[in-house]
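The ATP binding site annotation in TrEMBL covers A:Ser26, A:Gly27, A:Gly28, A:Val29, A:Asp30, A:Ser31. Per TrEMBL, the feature domain 'Lysidine-tRNA(Ile) synthetase C-terminal' maps to A:361-434.
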There are 2 protein chains.
Amino acid sequence: MLTELQNHLNQKFAFLKEKKLLLAISGGVDSMVLLDLFRLLNYDFAVAHCNFKLREEASDLDEKLVLDYCLKNQIQTFSNSFDTEKYASLNKQSIQIAARELRYQWFDTLLEVNGFDFLLTAHHLDDSVETFLINFTRGTGIDGLLGIPETNHKIVRPLLIFSREQILDYAVQNQIIWREDASNATTKYLRNKMRHDVIPILKSKNEDFLNTFQQTISNLNDVKNLMDDACYFVKSQVSIPSKFILELDIAKLLQFKNHKAYLYQWLKDYGFKAWNDIYDLINSETGKKVYSEKFVVLKNRNVLILDRINYQNHNFFLIFEEDNSIVSPISLIFESLKSEKLEISNKDEICIDEDKLIFPLKLRTKEEGDYFFPIGMNGKKKISKYFKDEKFSMFDKENAWILENGNQEIIWIVGHRMDERYKITKQTINKFKIKLTQ
Amino acid sequence: MLTELQNHLNQKFAFLKEKKLLLAISGGVDSMVLLDLFRLLNYDFAVAHCNFKLREEASDLDEKLVLDYCLKNQIQTFSNSFDTEKYASLNKQSIQIAARELRYQWFDTLLEVNGFDFLLTAHHLDDSVETFLINFTRGTGIDGLLGIPETNHKIVRPLLIFSREQILDYAVQNQIIWREDASNATTKYLRNKMRHDVIPILKSKNEDFLNTFQQTISNLNDVKNLMDDACYFVKSQVSIPSKFILELDIAKLLQFKNHKAYLYQWLKDYGFKAWNDIYDLINSETGKKVYSEKFVVLKNRNVLILDRINYQNHNFFLIFEEDNSIVSPISLIFESLKSEKLEISNKDEICIDEDKLIFPLKLRTKEEGDYFFPIGMNGKKKISKYFKDEKFSMFDKENAWILENGNQEIIWIVGHRMDERYKITKQTINKFKIKLTQ
């Protein structure tokens, strides 16, 4: 007779039968039950075991248990040892975060190299409650209160609807051998504290707590889906077709009472932290910017622009005649010169013949084959040669900005050397100053 | 020098200075601090104290403390004693629910009778965390995870951003006298369990837990607002102008992937419980209904209709010729009779002259001045007289259904007596049967 767990797999996860699976098996009771179930039900799978070398001999015994089981049952096995403590210390991470990162990096590689369709883990309902409470304790938004997802890209968690108790019962009834992780018993970690001290209280106050929890996160998932609908509807109403990732019409945005909450939702995955600065952009002057590590939000007249900052990927920024604010990691000021006097005081400024400019100008990093006519020199020079002669470091070269005219001629290696062709001559009628300010 | 609490009140609750306030004061530390603050800052207020008679002498001493303080400071006071245990037992409620109901019923009356603008309570941030965790433990949706609101209609909670600890500090520093509620120390109640056993663990794992919590519920409030936007946008797209509370175009509704979640949000305040039955209406046959205590959802061809069930308020239901499903608490079947034979077997059926019908018919309860021509009698009779002669109870009278023709003539007191004018005669060409089925 099939158990409840087996039935559930047969019904809900039948689609996995035709797939090539990788099971993440630690040797603990949850993963050994997962392993036993998938072996009994004849799925096509291999096993991956991580030895984090955190509990000396115990870690090696865990590994041996998994390898022995797989050898006996002729299951293909991948095993990997990590120097987790060293990795954590190098990356200034907690041991738990480091182990998680190492584990998933390796799993990703295994999936890709060996063509597995899905990675399966043995997470269960109690894990999901713990995750909810951990996120709640640390502070979170709706995403942190949805529990662990049953499927998430290539990860599937077939035991997620079952409690720790149900899994333990299955293990005992089916005489499954597993190893206890001694670190699970301590309450040093937040997760264990939740497991041993908090959740038992909640369960004592509601006999049906785990089912209640499932209903609660199902309700919250619905809420999240409707919120996502709202974000999509409103974005389609306030965004403008654009070459940028996102371009928002501020006047239209302000028609929505919850415009700050929408901005947050649209921008939250781009690494920004200074949310109040972003909200302030709505009323700030043109050209004001807020940066994350890889992205920037810019106020430009009546729009907000989200774009990627990309110093190295031959990304470029266009500079229009009527618009002196550009989305770029450096600021240039453009100014028509009224006086006859040229006040060029340093390498951060150039004075050029305005009538030779063809807008839009382009601000970009170096490209293969670039050359220019260094001012004061006779003839042209490859940019790569110029960089070499000036002893630019690799980093300097990759981060040097080049200002290109609309006819593809180089006007200026910004902050370094301008082009002979653009200098002021006796024929020059209109003079133009460009100044680097950051 | 003003304390942090006083400053907060002066800044954030200055608008209360011009209002007439009622302070709910139990005699515990939170409410005595609230009282002291509002007295010091010269707000215009009176005090209300509830004696729930649950802790014998202790309850009376609480009351005495509050009354003494108010007498000494010449503050108008309302005090009320409740037999809470009896009320709880009569209404089959927990003591806590009963006390809450009694309290707010009385406060409502005090506000209305005495013209107070707001009721103020001393809830604080720890109360809000407790409420979150209680709701989470019992199962909830987004509404249960928003903490206690700072203002809610006529209730204002000026201390909500402060922790229990801050309030206690203020009490000690300002030598405020209060009484401990001994029942707060037990962990019998879920709230106390959270307070004494769960929240201290969360605080031990995050020093800044209370601020974190405020940020989390602020995030969730944003999510709730965006979800409400989505519900509003989608409702405006799928609803049809209608005489009913809500009429939804099913085809348009089905264009939204999350249509069940929308239905839930639109209907959740109408007392429905059988949500799957409601979702099933989408694909069910015309005429299928799901009831709550006071409302009904009906599938009618290509729409879903939400309407109030109202037996007694002279509410009525229209019956259109082409449509034999009506939103009403009784079901009538209409049938043109092909045969010559009349098969009237009981009072639940009538057979009438079809050509005299003027659609829409109206199904309604009795109205002042109603009369009809009882079949077999000569002349007209007031409905009230008919009810009396037939010994209808008050309940029978109020729940009797009357079928009215489009010309306002009464056709049938449903299930009782039809009208002489509509009977089959020798002149009748088309015959029509109406049958009551529930």
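Indices start at 1 and increase along the chain as displayed.
Cβ from N, Cα, C; glycine included.
Per-residue pLDDT, averaged over the domain 'Lysidine-tRNA(Ile) synthetase C-terminal' (A:361-434), rounds to 88.
On its own chain, A:Val29 (ATP binding site) has A:Ile167, A:Leu168, A:Ala171, A:Ile176, A:Trp178, A:Glu180 as residues at least 6 apart in sequence with a Cβ closer than 8 Å to its own Cβ.
The Cβ of A:Ser26 (ATP binding site) lies under 8 Å from the Cβ of A:His49, A:Cys50, A:Asp62, A:Val66, A:Asp181, each on the same chain and at least six residues away in sequence. Secondary structure at A:Gly27 (ATP binding site), taken from DSSP and collapsed to helix, strand or coil, is coil. When the binding-site residues A:Gly27, A:Gly28 are scored by other C-beta atoms within 10 Å, A:Gly27 scores highest. Within 8 Å of the Cβ centroid of the ATP site, not counting the listed residues A:Ser26, A:Gly27, A:Gly28, A:Val29, A:Asp30, A:Ser31, the chain contributes A:Ile25, A:Met32, A:Val33, A:Ala122, A:Trp178, A:Arg179, A:Asp181. Across the domain 'Lysidine-tRNA(Ile) synthetase C-terminal' (A:361-434), the DSSP tally of helix, strand and coil residues reads 16 helix, 24 strand, 34 coil. Of all Cβ atoms in the protein chains displayed, 22 besides its own lie within 10 Å of the Cβ of A:Asp30 (ATP binding site). The local packing around A:Ser31 (ATP binding site), expressed as other Cβ atoms within 10 Å of its Cβ over all shown chains, amounts to 23.
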